[in-house]
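Everything on this sheet refers to the single structure shown next.
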Amino acid sequence: MSSFDESDAFEGASLSARAMAARPMPYLDDLNPEQRAAVEALEGPVLMLAGAGTGKTKALTTRIVHLLNTGTARPNEILAVTFTNKAAREMKMRVGRTLGEAIEGMPWLGTFHSICVKLLRRHAELVDLKSNFTILDTDDQIRLLKQLIRAAGIDDKRWPARALAGVIDNWKNRAWTPDNVPAGEAGAFDGKGVALYKQYQIRLRELNAVDFGDLLLHMVTIFQSHEDILAQYQRWFRYILVDEYQDTNVAQYLWLRLLAGGHKNICCVGDDDQSIYGWRGAEVGNILRFEKDFPGATVIRLEQNYRSTPHILAAAGGVIAGNKGRLGKELWTEAPEGEKVRLIGHWDGEEEARWIGEEIEAMQRGTRGMRAFGLDDMAILVRASHQMRAFEDRFLTIGLPYRVIGGPRFYERMEIRDAMAYFRLVVSPSDDLAFERIVNTPKRGLGDKAQQTIQRIARENGVSLLDGAALAVEQGAIKGKGAAALGKLVVDLSRWGRMTGDADLSHMELAEIILDESGYTEMWQNDKTPEAPGRLENLKELVKALEQFENLGGFLEHVSLIMDNESEEQGEKVSIMTLHAAKGLEFPAVFLPGWEDGLFPSQRSMDESGLKGVEEERRLAYVGITRAEEICTISFAGNRRVYGQWQSQMPSRFIDELPEEHVEVLTPPDLYGGGYGAAGGMGQSGLEQMAAEANVYNSPGWRRMQSRAGERPLSQPRESKSSVIDAQAISSHTMGERVFHQKFGYGAVIGIEGDKLEIDFEKAGVKKVVARFVTGADDVPF
DNA sequence: CAGTCCTTGCCGGCC
DNA sequence: GCAAGGACTG
């Protein structure tokens, strides 16, 4: 921005900035006026409302650079919080690059959780923990809760541990300790939620463990009850920056407000339209109330978009306009018009995957006057991870290289978690959860009964499970071959524990010894399932990953917080990921499949949160569309397999919200007598029908007409053309009617639920089936 | 106690 | 369609 000269740069700049004016600030020239204002308003509260693709990360990192470069703050005086490790890494990298590698690290740039771990280790004793506490992941958490539920004599089938975990997480996100849970929540989990929460916290304390929610909750508790400690950190962290502020939950919000309470030098960046984590406690309200909490705050809007074409922005804007209570931003761009957003409907989910696969190959070559795109330039963004399968299957078939982002993470794999349980037990022998995990892995002949004995002895003596096991062996309480194996395990573990102090032995070698001598490696070597080699490979990788750490303990700490797929494999590949994982990313060409009501917007979200749920789904749609730079392709299918059953789908309500003038409707391949499965079965009238449907996809009234016409599926299933299934039979079934199903045979209708029937089959028993696949028994043509 | 069959419930994303 | 968990059997 050459229109800004030096004197402009000093407007509103701090004294210290003036003092450092001698230093060049070339980085400021890269910014537009709004970004520059956000960077230079160093003192006092600042709220940066930054739309998608408006250079928010740039503004944020430049702000850090400016703080450092002007000498306003030293690296360790800046607290910069992000949500993901990826964002933290990126920010670190960009600060370093702009500054010319000069920073000696930013110790307080990281995720909420990683920063809280650091703080909590220093003050653990204030919440009755030791500073070497372990951090439970979701798996451990569920197992622990299950034990508590069973111990309370509650049927854990009707009241699953997962549900309780959800309730407790929710409370923690709102910064409610067991004593603070409001009376209105008392009914949670069959009225026993609060009591179980209390027990859970006691148990965590006994285990010297915390869960993710505790990291923040404990710190908020400490800050609230120890003014001196809070004051110390308020002085220490002189400047606070927060990324993705719209995603903060109440606990995070309180934490920030406490820390910023003195100087109020807090800069929050967010976009209320991209708030997509309400389900995990994020409060858009935090961004909406910023000006109330920090009176006199500078509010800066970044609205110039540097990412997408006008058509894409207009389509996204049209969708998000349906939400109420927005802060309101209007994105604009100087980019050339480009392609309209492309919309296409398909017969079913498999065909959608097939078409996208082909389209990707075509776009690689350059098609329809578009430029050629590399595979790295293209991404498929799905609503739910199970949608990925169809694409993986298809891409494997046609040999199209792809990468799944955010799939099953390395550290969540069974073999890795097992191996880490061994490491944990070696480092901290009282880690009961780790003990439970590996005591019979590999098989040592220690089943339920033996484990109960160990539990009992440990409890009676008030010792850890491992010590309890040692006692059990001494007392001869465990019989048979299990006794010897258990004895060996106990001895081995203490031996490995002593070896951690051995200076001649690297922790990598120790890790290998543990995995070998415990028989764990051998277990997988003897396993003949196809996954076994991959698991051994992963174990090798695990040992390799240890290299970057000083000892096993340091590694375990890292792993509990860094759960993302680090392995950035090389090579040109199409990316497949969820919409949630895509936030913050951008691609020249984006595919958005599965825009069908129930899938997107997700039924679950609507059931749980009603209109609020739909609005959050709409923001997710907005995030999806705004990931695209040049080409955005939205698609839906008329039929989709859900839980292995075919279901007819209605196009998403969001499709109706796309402004017509920015959308181009593509023709489904079937219209050309398509070479696949259609097998010439489609007659002329079928073609006309599909063509007619294709032409009205873009009419905003189309969906409404469809719904008025009843629950008519987008198109009849292909099977109706050639098989015994009579499409006309959809309409009416009556209770008690005798019907025929191709797979299950004859049966009687015992329930009707929309388009699904409950049928008591003579051979197959009671099943729920889609009405379309059932005919009246008399209609069977053989 | 481990392996196999069968039933059941489920598929929302992250630190 | 799949994985987890229970019942049953060797």
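Cβ from N, Cα, C; glycine included.
So that you can see what the record holds, here are the features copied from TrEMBL:
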type	residues	note
BINDING	A:Ala50, A:Gly51, A:Ala52, A:Gly53, A:Thr54, A:Gly55, A:Lys56, A:Thr57	ATP binding site
DOMAIN	A:29-309	domain 'UvrD-like helicase ATP-binding'
DOMAIN	A:310-584	domain 'UvrD-like helicase C-terminal'
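The binding-site residues A:Thr54, A:Thr57 differ in how many other CB atoms lie within 10 Å of their CB, and the one with the most is A:Thr54. Sequence-distant neighbours of A:Ala50 (ATP binding site) (same chain, 6+ residues apart, CB-CB distance under 8 A): A:Lys56, A:Ala59, A:Val269, A:Gly270, A:Asp271, A:Arg301, A:Leu302. The binding-site residues A:Gly51, A:Gly53, A:Gly55 differ in how many other CB atoms lie within 10 Å of their CB, and the one with the most is A:Gly51. Other residues of the same chain near the ATP site, with their Cβ within 8 Å of the Cβ centroid of A:Ala50, A:Gly51, A:Ala52, A:Gly53, A:Thr54, A:Gly55, A:Lys56, A:Thr57, are A:Ala59, A:Asp271, A:Leu302, A:Asn305, A:Tyr306, A:Arg307. Of the listed binding-site residues A:Ala52, A:Lys56, the Cβ environment within 10 Å is emptiest of other Cβ atoms at A:Lys56. According to its DSSP assignment, A:Thr57 (ATP binding site) is helical. When averaged over the domain 'UvrD-like helicase C-terminal' (A:310-584), pLDDT in the model lands at 85.
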